[in-house]
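*Asks:* Here it is, the structure, as structure tokens.
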Amino acid sequence: MIILGIESSHDDTSIAILENKKVLFQLSLSQVKTHEKFGGTIPEIASREHVKNINILLTMLIEKFDLSKLDYIAYTEKPGLIGALQIGFLFASALSISLNKKLIPINHLEAHFFSSEITNEILYPAVGLVVSGGHSLIYYVKNVNSLEIIGETLDDAIGEVFDKISRKLNLGFPGGPIIDRISSEIVGDIKFTIPKTERDLDFSFSGIKTQVINYINNSKNLDINNVASSFQKTTIDYIEEKLKLAIKKHHPQSLVVGGGVSANTELRKRLSTLHANVLFPKKEYTTDNGAMIAITAFLKLNKSS
């Protein structure tokens, strides 16, 4: 089974060809440099960039692969920026019509969960953590077609908060890799408190964000690196606390972590100790990518056959 996966939900344009579970190749173009001066993604600009980038990737794809060999075309249906999603859908639809291949709509967040399947096998039931710039949630997964959200952020996503704190500290964009690097060099010792939520598996990252911003605003001699490292430690403490509870409640056979923030070095180190079978995607499959869309389509098609 050969599947083309198309991802365009935010600011990465990516396409990948998957044969069964093997990634034949993946082509991606990022818009980070385009949005860097704004300190975040501008939806209208993102849509225009997707139009340009998806045509570049198509040209590269045709040079590498005979599209007539495809069995299915999978694309990100939701969630994401409306305009960006529409570009991916129109591109997928045009290919579907011209090649007479079936379209498979894929949920972007589920794809982040299943990205670990590219190199690992998920044992079910599983608890899944998806952490990215736009989303933070915990899944309980019985099988490929049964994903239940048992915890989610009530406000900001963790990646969004990393960007805001980084911007407040004048460290740059995107904030996640910058703060991760700083935290690998020093251990912060500022004590920020972990927010409480009504549902015990939900998150409130804005509570941490507000504490850190207030600390920055009220500090006369600000140690930027200490603040950055202390902020990261608090957020990982928070996530670890929630996952320990989820594992205790649901007794999973796997703990699966996905999304852009899953590339964080300290997060990987800390969460690896929580369960005997902890799965992370390879670093190239943590950010938004076409391979995770294709593998999700493959798994769902296999399950239904």
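Yeah, the Cβs are placed from backbone N, Cα and C, and that goes for glycine too.
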*Asks:* Besides Val130, Val131, Ser132, Gly133, Gly134, Asp163, Gly176, Asp180, which of Asn20, Asn264, Asn277, Asn289 does Swiss-Prot list for that substrate site?
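*Replies:* Swiss-Prot lists Val130, Val131, Ser132, Gly133, Gly134, Asp163, Gly176, Asp180 binding substrate, and from Asn20, Asn264, Asn277, Asn289 it also lists Asn264.
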*Asks:* What does DSSP say about Gly176 (substrate binding site): helix, strand or coil?
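*Replies:* The residue in question, Gly176 (substrate binding site), is helix (DSSP, three-state).
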*Asks:* Consider the binding-site residues His108, His112, Asp288 and say which one has the Cα lying nearest the Cα of Val130 (substrate binding site).
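*Replies:* For Val130 (substrate binding site), the spatially nearest of the binding-site residues is His112.
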*Asks:* Closest to His108 (Fe cation binding site): which of the binding-site residues Gly134, Gly176, Asn264, going by Cα position?
*Replies:* Gly134
*Asks:* Select the most exposed residue of His108, His112, where exposure means the fewest other Cβ atoms within 10 Å, treating these as the binding-site residues.
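*Replies:* Each of the binding-site residues His108, His112 was scored by Cβ atoms within 10 Å; lowest is His108.
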*Asks:* Quick one: give me the count of other CB atoms within 10 A of the CB of Asp288 (Fe cation binding site).
*Replies:* 29
*Asks:* Around the Fe cation site (His108, His112, Asp288), what further same-chain residues have their C-beta within 8 angstroms of the site's C-beta centre?
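*Replies:* Sorted by sequence, the hits are Glu7, Ser9, His10, Thr76, Gly80, Leu109, Ala111, Ser115, Ser132, Gly259, Asn289, Met292, Ile293.
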